[in-house]
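Features reported for this protein in TrEMBL:
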- 963-976: compositional bias 'Polar residues' (COMPBIAS)
- 376-540: domain 'SSD' (DOMAIN)
- 963-1030: region 'Disordered' (REGION)
- 45-65: transmembrane segment (TRANSMEM)
- 377-395: transmembrane segment (TRANSMEM)
- 407-433: transmembrane segment (TRANSMEM)
- 439-464: transmembrane segment (TRANSMEM)
- 485-505: transmembrane segment (TRANSMEM)
- 517-540: transmembrane segment (TRANSMEM)
- 581-605: transmembrane segment (TRANSMEM)
- 807-826: transmembrane segment (TRANSMEM)
- 833-853: transmembrane segment (TRANSMEM)
- 859-884: transmembrane segment (TRANSMEM)
- 896-921: transmembrane segment (TRANSMEM)
- 933-956: transmembrane segment (TRANSMEM)
Amino acid sequence: MGCCKVYCKKMQERQPILEKVSLAIQGSLENFFYRWGVLVATHPFKFIFGAFMFTALLALGFINFTQENRPDKLWIPRDSKFASDTEWLRNNFPSPLRESFAIFTAENVLVPEVMQAIFEIHERVGRISILDGKKWEDLCFKLPITKFNEASKYRRRRRRSVATTLPSREVLMTSENRTAREEDTFFGHAFDDFDNAFNEDFFNEVSSPHVVDWDPSIELPVETYCSMVNSLDEACWEVNPTELWSFNRSLIHNLTKDDIVQVMNYQLTSPIFGRKVNYTAELGGKITHNEKGEIIGAEAIRLKFVVAINQTAVDLGKSMSDFSTGETADEGTWLWEKAWTELMQNASKSLPRGIQVYYANGRSWGDITESLIFEDGMMLVVGFLVMFVYISIMIGRFNMVEQRPFLSIAGITCVGFAVIVAYGIGAMCFLLYGPVNKILPFMLLGIGIDDMFVIMQCWSNLYPSCLTKKCKQSIPERMGMTMKHAGVSITVTSLTDVAAFGVGASTIMPGLQSFCIYAAIGIIAVFLLQATFFVACFAVDQKRLEDRRNGFFPWIKYSESEFTPSEWSQKSYYQSVFEWFFFKIILTPIGKTIVILMTLGFLGVNIYGNLLLKQEFDPVWFLPDDSHLALFIKTRENNYPGTGNPAFIVAENVNWTASFESYDKFSEMFKSSDEIYSFENWYDDFKIYANQHFGTDIPNKPLDPKLFQKYMGKFLYSPRGSKHRGFFKLEGNFSCGNNLPTIKMVMMPFRFRKFAGAAEHIPGMHHIKNIVASVNLTYNTGKHGRMIPWSPAMVTWETDELITEELYKNVLFSFISVLGTTFLLLANIRVCFFCGLCVIFTLINVGGMMHFWGLTIDMISFIDIVLAVGLCVDYAAHIALAFMSCSGSRAGRAEYAVRSIGPAVLNGGFSTFLAILLLANSQSHAFKSFFKIFTVVICFGLFHGLVFLPVLLTLIGPQPFSNTQDGKNEPGSGTSPKPPVELRPLTNGNANHSHNNHHYQQPESLAADSSCPQEELLPMDPLNSITVQS
């Protein structure tokens, strides 16, 4: 014994400083976990109760739980200019209306059956009743009827005196209809409604040069003209082709195909509003023409229903917040939209064969998100059941006593509690909870269970059979020894994952930052609960097992004569197959050659895939593929490819009369930009109006501000200018005949051209921003002014620009952080380099496979790749540590590492795969992407850590730790070294390991215990036979 002390002291003096630090850390952790295991197993029920109370207390944080679906709040940096501009717009220019859309599709929609189906929808919408009988006509957004000849008799008499001087109503109220229009995505748009609400040209005139210059707002007396405007009747705004037949049931039910073709092509005036219409612009899909150029067939047609927001009800607090857009809607509008969605859902099931309808409205995203909570919950429940079966098989044995169903439930409960704790703490701290957070329970189920496997595997290695070979050491003492060995492993693996997500939390994108924080909290919670709640339950269940009580019915107790475990239930067939595969195939010379060639082959192919990998993100991917909103968006994109995304220029507190010259230059530059398809600019129309009718010379000559307000007052109620009126926010009330008050803010709609991905829309966005920023405007004295471009699509574009840079930055920092944590454990530069190489190879392969599997760099892949860094290090580090902890030749040490911990590494990876397996059948693109990428991560992580690394170590592996004793470990033998053990009594319940923390000292009581075989307590490395964190 004295010689051993002297030898160990000399070995300690020869240890490198890094190795000393590593062993000191391990020794401290082992000492702590021994004490902890004894404590928990001595008072198991106190710790079980404490875990329940701890979880229940933190669950109170759910009081503050709210979901955040607004994309600008999730994916745009909080301090970015775009985020502040979006919030400013949301607060200062709320939408006055909400829209509901429907698209009818058929082989040909220009047939009587389709028109009759559309009319039935119109009729049923009119019968929707909410809030004490309020119907469509009470809630709709109303627009003026310009059919002067069908107004009241009183109004006809008033107008008769001027009727002979008026041109025909076709000239007075002609329309410059859009030839193409694409409604924007519902996800996250709060302001698109303006683009659609006031661009329908209810008051627009033909702006081509050959149109007559006669303008009633100029030629008629102000009182006469304003009386005409103010006395117009109103009707509900509904874009519906059956409007062309005045919604007359008899006419519609007697239509022929020829009737429909004639009316759709030549009926240019609405019989309801008296305005110009062009319903051929609402047709989509494949459009067929005859030899005359008439449209005789189309595959789709659009409908729109517009509801007005009751601002008075909103101000009184009778409102609902739409978390998907940030808008506030009154209660009536909110309930009507729900009833409309239910109506369309029922109608879609009863349409004639060959006719389909796709629909969506402002609350679709929120409703679908809420409905997914139940579906996600059911998927999670099934996942827990599958994991329960797997755990029961892995930790139990096939007999009635050594089967551990209740302990399996305890292990799964730890994951459930961890999810509650993570969500509770996150909600308590008001962290964002977005769509991406839904994958957190599945992720924790995959990587959290393995702490339990670590503990169970270590117990099995120390005490393989407590029924056939009894040990006098108490359960608390044995649990202390188990935790002494397992505690280091679960600590290190948890730290690597926490480090990866901790670094990920530094991202500037709030949604990802929030997820990483939630994930880090969840991993810490799993670690704490497994080390307390599970260990306590384990101690209780072990007492049951050693009392020979039935695993399923613990009140049934067997005597020794009644129950003896069968021989076949004590064998590990999994271990035998695993060792045969590795030792007879992989670690042979031919096997090593094949492994190296496969590694290089995978690397080469996937480097090519990385070069082709695209970056693309669309928040709609978080919707199930079969949801009504996802189907609507897909149908719209297929049938209405459109002319690009809608947007607008917003100008605040501009002194327009002092800025005409500079703004005129901007307008010309903006319209001529390659990125712009169209620009609805009030200034261009006003310039023509004022120069033509008032003799001004804008922008060459200055205009007096008072005259500007006077002319603008006329312009915004004129046929030319009325379409712009809804885009102005003023500092006072404004009506026909009055001068325009000071302009606070004005919006000018435009459309981008169609971009082909991030390579075009990111430069295009920046070019437009630069053009707008270059304008030298004059702002009103003493007020903050600005002019900015804004579009709902820019939320996604801004994210596209950030995500690739954020991904590379976070992966790099995570890699450095995780590898640094691992280095403290391994204390060897060469073997740490090998582990890092496994991680790098895995990340390259994951990126390449993403391309070949049709995936892109987005939020889901960001999370998977960051997590992959931690998982891959775990897989490789445990093999490397086992290799460094035994002596002998490289080949023998590699075989020992694979035999002792390889099955546990594979088991950890498979359990992670099993946890996400159900996501493969998900209807959500996000969930399916998570499954695909995570599957690739697991497969390549296991390949490089479990197959490639051992082969590499057999060829150029480093020397073992300097304090590792020589033993019988010949090449190919795969046997563990068995150094001498110094037997010492326990001091205060702890094993002394001052000189060699890899070899624990047996308590004196155990050394004297002849019934506890010495073979069971052979010294072993604390991590040599432990399941790895997956």
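From the backbone N, Cα and C atoms, a Cβ is placed for every residue, glycine too.
Given the structure is predicted, the values throughout are model-derived calculations rather than measurements.
Sequence-distant contacts of the transmembrane segment (933-956) (same chain, six or more residues past either end, CB-CB distance under 8 Å): 446, 582, 586-587, 591-592, 595-596, 599, 602, 830-831, 834-835, 838, 841-842, 845-846, 849-850, 853, 855, 860-861, 864-865, 867-868, 871-872, 874-876, 878-880, 883, 890-891, 893-894, 897-898, 902, 905-906, 909, 912-913, 916, 1030. Outside the transmembrane segment (485-505), and at least 6 residues removed from its termini, the chain residues within Cβ reach (under 8 Å) are 26, 29-30, 32-33, 36-37, 447, 450-451, 454-455, 457-459, 462, 512-513, 515-517, 519-520, 523-524, 526-527, 530-531, 810, 813-814, 817-818, 821-822, 825, 863, 866-867, 869-871, 873-874, 877-878, 1000, 1020, 1022-1023, 1026, 1028-1029.
Only sequence-distant pairs (6 or more apart) were considered; of these, at least three Cβ pairs between the transmembrane segment (896-921) and the transmembrane segment (581-605) are under 8 A, so the stretches are in contact. Confidence over the domain 'SSD' (376-540), given as mean pLDDT on the 0 to 100 scale, stands at 86. Count of Cβ pairs under 8 Å against the transmembrane segment (859-884): among 377-395, 581-605, 807-826, the largest is for 807-826.
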